[in-house]
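Student: Below is one structure. I have some questions about it.
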Amino acid sequence: MRIRPTRRLLLGAVAPLALVPLVACGQASGSESGQQPGLGGCGTSAHGSADAHEKEFRALEKKFDAHPGVYAIDTRDGQEITHRADERFAYGSTFKALQAGAILAQVLRDGREVRRGAEADGMDKVVHYGQDAILPNSPVTEKHVADGMSLRELCDAVVAYSDNTAANLLFDQLGGRRGSTRVLKQLGDHTTSMDRYEQELGSAVPGDPRDTSTPRAFAEDLRAFAVEDGEKAALAPNDREQLNDWMSGSRTGDALIRAGVPKDWKVEDKSGQVKYGTRNDIAVVRPPGRAPIVVSVMSHGDTQDAEPHDELVAEAGLVVADGLK
């Protein structure tokens, strides 16, 4: 279902105000900022006062009784929309898009120098595993226990189908926690904490920094992998295109950011959902005929059994789309 109501219908009594770009709050790790999910860290206008976007996001908090964090950047002109963009949230399966990007960045492709000990056969390298490795929600890997899967196939499975076993196999290929963290630090991300395997990473206990990031950090990582070219690019052009193709094929986010933006805007995304009502989506959004917008929406509730809200993410996407048209 596509969400395209008017703002007044969408957010209730929020009055339409002039749209003013939000200023980033300043990136800091959880240990440096001391922020916990759902506390502070809100975007402000250039004049330091709450603006239309902020009021809309706070209306969403009230409407869904949840805590959303949003970071969006228009790569055309650098305009940002933020709300709790530097607070920590459990990232859930959204990390799988970055995981696929990290794999692409580390294997030999078209004669490029290998960043660290990758096999010469690159993305065609076959990873073998046993039945004991299969986790719930592993619709692709469960069919290939006998023959194994290539890195390319595992990346497709982890992004398009959110395959949990594929995520763990790729985590090992990257060198576990240390290797995954090293790749992100090469992108300039000193915020994200990648710690555990599926399905332990889904605990999402408030205040636990493990397996968390911020909307800003994840959006910046996704931008490096999926959008940037030239010196800022984390991937070669063909690898970047491959990652975007995998995200385009993901259908787990149809009710999220994709549902909130205009129908003719192409969305390449990766969603996530874990405990405490955590519902996330990170996306490259491509309006026709112009540079893309990179969006990260993360959200959580207050109790372990809180309901996740697809509509919250979709409506946050609508606010972003209306603000960055």
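Cβ from N, Cα, C; glycine included.
Not my notes, these are from Swiss-Prot:
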type	residues	note
SIGNAL	1-26	signal peptide
REGION	30-50	region 'Disordered'
ACT_SITE	Ser93	active site, acyl-ester intermediate
BINDING	Lys270, Ser271, Gly272	substrate binding site
Student: Mind checking which of Ser93, Ser271 has the fewest other CB atoms within 10 A of its CB? They're the recorded positions.
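Tutor: Comparing Cβ neighbours within 10 Å for the recorded positions Ser93, Ser271, Ser93 has the fewest.
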Student: How many other Cβ atoms are found within 10 Å of the Cβ atom of Gly272 (substrate binding site), counting all protein chains shown?
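Tutor: If we count other Cβ atoms within 10 Å of Gly272 (substrate binding site), we arrive at 28.
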Student: Around the C-beta of Lys270 (substrate binding site), how many further C-beta atoms are within 10 angstroms, looking at every protein chain?
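Tutor: Excluding its own Cβ, the number within 10 Å is 30.
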Student: Cβ within 8 angstroms of the Cβ centroid of Lys270, Ser271, Gly272: which residues besides those meet this for the substrate site?
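Tutor: My list of surrounding residues reads Gly92, Ser93, Thr94, Lys96, Ala97, Ser162, Ser250, Thr252, Gly253, Leu256, Asp269, Gln273, Asn280, Asp281, Ile282.
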Student: How big is the Cα-to-Cα gap, in Å, between Ser271 (substrate binding site) and Ser93 (active site, acyl-ester intermediate)?
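Tutor: Ser271 (substrate binding site) to Ser93 (active site, acyl-ester intermediate), Cα-Cα distance: 6 Å.
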